Amino acid sequence: MDQNNNTVSEFIMLGFTTDPVMQKVLFAVFLVVYTLTLMGNSSLIMLICNDSRLHTPMYFFIGNLSFLDLGLSSVYTPKILETCISEDKSISFAGCVAQFFFSAALDYTECYLLAAMAYDRYVAISKPLLYSQAMSLKLCVCFVAASYVGGFINSVIITKDTFALTFCNDNVIDDFFCDIPPLVKLACGKKKSFQSVLFFLLTSNVIIPIVFILATYLFIIATILRIRSTQGRLKAFSTCSSHLISVTLYYGSILYIYARPRSSYSLDRDKIVSTFYTVVFPMLNPLIYSLRNKDVKEALNKLLK
């Protein structure tokens, strides 16, 4: 079967281990994580939609973040579960392309959305009295729409260039999903231009948002330092602490995977880090944004009653 000058019609996922006992243990672990992810993010979206107190710009972004996490987790986890318990470890060429495309699109979208949320936190702290007017619904929708457009356009570019490579030697992916490092490792006759495209996408989707977020937090810190009371400073910082934790965990794992020199790649170690931002992080986000959030707790208590 000849697809894009490739002699590969399917790929074989090695996953995490070939030990049958460990595979069953991992299946149980990932099933629990996936269930908690679906329940946590769905519940948070439902709370935000149903409680009028949560109809603010901040929760509008959090709701969209939860929607992205639902999508991300559903792109990866079902195939991981299948690989753990099935003797058939294969994924079709088209299936690999689809998984790669949607995972990249949602990941890139989340990068932009986290940057938009940083700006939202800056406005909330620096202009609290004008917050609702400055962060209008129209502006919030534009931020979210721009995040999706940027994410999906960049995903088209990286997917097209990645699968334009020729996979002619081996079809065994030493990973649990179709990702750039293991796919490039399989490719023969690699195009030099691919590294340039990869660097461009890393810069536009990760480095630029990170720089924007860092600059935004510098302004936030400067604003907080101008607050005279200690209680006021702590209250201001608490409004952006959840977002700061989320950004640190998400971007930290992505930079570890994609921004290192090629000589330092270790697929076994990278699997663990990849698992964090693809499977574990979507489960943690609802906890990060709700455990220390009084409004969400009150909305949940109201719903339970």
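Each Cβ is built from the backbone N, Cα and C atoms, and glycine gets one as well.
Keep in mind that TrEMBL annotations are predicted by a computer and have not been checked by a curator.
Fair warning: this is a prediction, and the values are worked out from it, not measured in the lab.
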Segment assigned the feature transmembrane segment in TrEMBL (from 92-113, 136-157): 136-157
Among the ranges 25-47, 136-157, 237-259, 271-291, the one whose Cβ pairs under 8 Å to the transmembrane segment (199-225) are most numerous: 237-259
Arithmetic mean of per-residue pLDDT over the domain 'G-protein coupled receptors family 1 profile' (40-289): 86
